[in-house]
Every structure is written in structure tokens, then in C-alpha cells.
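A.B. asks: Residues or ranges marked as active site, proton acceptor by Swiss-Prot: Tyr23. As annotated by Swiss-Prot, active site, proton donor applies to His101, with the evidence given as sequence analysis. What Swiss-Prot records for Asn75, His81, Asp88, Leu102, Ser103, Arg112 is substrate binding site. Residues annotated as site 'Transition state stabilizer' in Swiss-Prot: Arg18.
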Amino acid sequence: MATILVLHGPNLNLLGTREPEIYGATTLADINSTLTEMCIAKGHHLQALQSNAEYELINRIHDAKGEGINFIIINPAAFTHTSVALRDALAAVDIPFIECHLSNVHTREAFRHHSYFSDLAQGVICGFGAQSYELALQAAFAKLDS
């Protein structure tokens, strides 16, 4: 049994109401519920945290190492393009992770095209709405099984 940590960055608490034409109508609670069900079906455990505060995400990543977290899925949201500190935290704990985005960041504003995480990630999944998380979790299962 593996434990997978899902981290949701800033403003993702507003999913379902924030710019649904970009992010869809699915809520964060819906996403977490689906991911939990997927983990249970595979015999794994899921933990999730959403924070608008960079330091809370960093502290959670630091704690993950000591807790034996096996894999991280992270949607850094706006921190994707700005947070060297969050990148450094992921590098420091050396837990494999997948970067995940609801929208296709490469078809949006130019400032969203750069990620501080992609070169460290096992992979990047973007552009499939809430399904991006499900695809990331399926990829995490495959990595854990290999």
C-alpha cells in the first residue's frame, strides 16, 4: 500500500465557480473524492491539501518525507511560474512527483508557459480539466507498480 499526496495550489479552492470556461464546473471536493475512490480501488491511501499560502505547501512537502509519502501529485497553479522555493522543497525531499494542470498552460498567456517544476517532474499532465488529476493518478499508479 502506497500513500499518495495531492497538493493543490492557490485559488483551486474556488474550482466550480472560478472561470468555469477555463477550469470547468467540477469542485475541488469532487476531484478529491474521485481520487480517493481511485486510490481505495487500488489499495492505496490518498492525502490532499489545498493552500493559497506557499509556505503551507512547502511545509507539507517537507513533512511528506518523514511520513513515508511514496508519490506526490501537485497542481502548483500560479506558483508554477513563480515559486523557486516550492521547486527547491520538491527537489530536497526527492519524492517522485507529477505536475498537473486543469488547463493547457501552453495555449494561454505567455507568462504561463514557463514552469519551475517540469524539469524535475516524472511527467506533466495538462489541459484535460478535472480529468488531468485522474490521468496523473493513473500515471502515479503505473510508476509505483514498476
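Each Cβ is built from the backbone N, Cα and C atoms, and glycine gets one as well.
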A.B. asks: To which of the recorded positions Arg18, His81, His101 does the lowest count of other Cβ atoms within 10 Å belong?
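C.D. replies: Lowest Cβ count within 10 Å among the recorded positions (Arg18, His81, His101) is Arg18.
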A.B. asks: In the structure shown, with every protein chain counted, which of the binding-site residues Asn75, Ser103 has the densest set of Cβ atoms within 10 angstroms of its Cβ?
C.D. replies: Asn75
A.B. asks: Would you count the other C-beta atoms found within 10 angstroms of the C-beta of Asp88 (substrate binding site) for me?
C.D. replies: 14
A.B. asks: Could you find out if DSSP has Leu102 (substrate binding site) as helix, strand or coil?
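C.D. replies: Its secondary structure by DSSP: coil.
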